[in-house]
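Taken from Swiss-Prot, the feature active site, charge relay system covers 77, 152, and the record attributes it to sequence analysis. Positions annotated as active site, acyl-ester intermediate by Swiss-Prot, on the basis of sequence analysis: 176.
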């Protein structure tokens with residue numbers, strides 16, 4: 001049994017009692033990376049020398065019994081800036097970018113005395129559902145190396161599933177925490193929009209992006225969200241909501257819980273094995289005293305189209321800053337200022353990023369704004385209202401995290417429409433801004449299936465309670481890939 005088979009709480013107790021040291025944990029992390037990284041490719045940049053130094057310092061100082069995360073190794077998605085540690089967003093255009101400040105979540109993790117093992121691979125600028133659009137390399141699913149880990153936080157999920165780190169941070173714009181968590185058999189939380197500061201997150205779509213934790217189990221996830229939540233003056237969209245002790249909500253008692261199951265989430269396009277795993281999970285929750293009814297989120301069908309217009313429009317604006325002038329890659333082949341802009345961007349961005357910038361620029365252009373962007377915003381309002389209406393009568397909404405299990409590497413990369421439509425069960429949650437968690441709920445043909453539990457605004461505590469109660473009745477989260 002390795003050290004990472006223990007939970008956050010168990011490792012904390014061992015550290016306080018000096019049965020193990022932070023140096024032991026960091027060493028275990030790098031030993032595991034050495035053993036499996038060539039197979040999975042979770043990381044872009046490792047932080048070995050610094051991590052070992054921090055671990056020694058923490059060990060010498062002793063672990064504060066009140067600091068649950070002190071001395072524990074974490075991986076951070078490479079679109080979250082880290083001072084003096086290369087941050088690339090998995091793009092050639094930021095290949096050598098060395099930030100001069102930490103993202104707010106990174107500062108909070110440093111205050112919590114976690115130890116950053118390195119920066120995790122992702123789809124370029126978080127645009128993708130498979131971690132195949134990274135400029136550096138593809139990441140492989142630890143459960144089946146011929147398959148994708150999901151995306152865009154594929155490295156964050158694969159590193160946890162492969163035991164390279166204890167937990168990680170990802171970001172979720174349209175499912176980028178929940179879908180990889182489902183594909184890799186781990187737990188991923190997308191918090192309510194505004195719960196976690198976005199300061200220092202390299203922007204994709206600012207009205208949709210949210211940082212969240214990926215962990216082996218629900219309790220660890222709750223501890224990590226406690227550490228990174230809270231109002232931040234540097235982020236005007238962060239909300240002044242008290243930081244709850246989410247870990248206190250893990251009581252196991254869900255008697256009387258009212259669950260809504262959208263008929264749109266278990267209909268056409270959902271793999272039979274995925275559907276069966278979700279229905280079995282609902283039976284487990286019924287045994288625990290919950291009840292469920294079929295409900296409708298009638299505007300879900302507009303989710304993917306609305307999302308790709310709105311997210312691409314915001315991306316076309318956000319990514320205009322990468323022009324070869326201030327930072328990042330600069331084309332050596334330019335002779336005029338206009339050439340500098342065009343060549344830097346055409347050489348520095350990958351195909352998927354360029355596709356979305358062009359789509360967004362088109363949607364915002366004169367004559368098309370009303371037909372596309374404005375209509376997508378109107379559809380977004382209707383999608384949000386669907387959730388508001390269901391939550392009047394139900395406590396949570398439940399469905400699959402993804403309509404399929406992990407697909408083959410190169411299986412969809414040349415078919416963007418099919419890839420986009422695979423996000424159908426996650427993008428409505430981002431459009432509405434509500435929280436959702438993915439927890440392992442079974443297997444289909446040997447591949448993990450994720451159960452998505454969706455809550456009302458700022459009801460992460462309830463999501464943790466339900467997810468934890470389910471987890472305690474099952475063993476799916478204890479299953480490990482055979483690497």
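Heads up, the Cβ atoms here are built off N, Cα and C, so glycines get one too.
Features as recorded by Swiss-Prot, highlighted on the structure.
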residue : record                               : DSSP class
77      : active site, charge relay system     : strand
152     : active site, charge relay system     : coil
176     : active site, acyl-ester intermediate : coil
Practice item. Do me a favour and check the Cα-Cα span between residue 77 (active site, charge relay system) and residue 152 (active site, charge relay system); whole Å is fine. Key: 9
Check your understanding: Looking at the active-site residues 77, 152, 176, which one has the fewest other Cβ atoms within 10 Å of its own Cβ?
Key -> 77
Check your understanding: How many Å separate the Cα atoms of residue 176 (active site, acyl-ester intermediate) and residue 152 (active site, charge relay system)?
Key -> 5
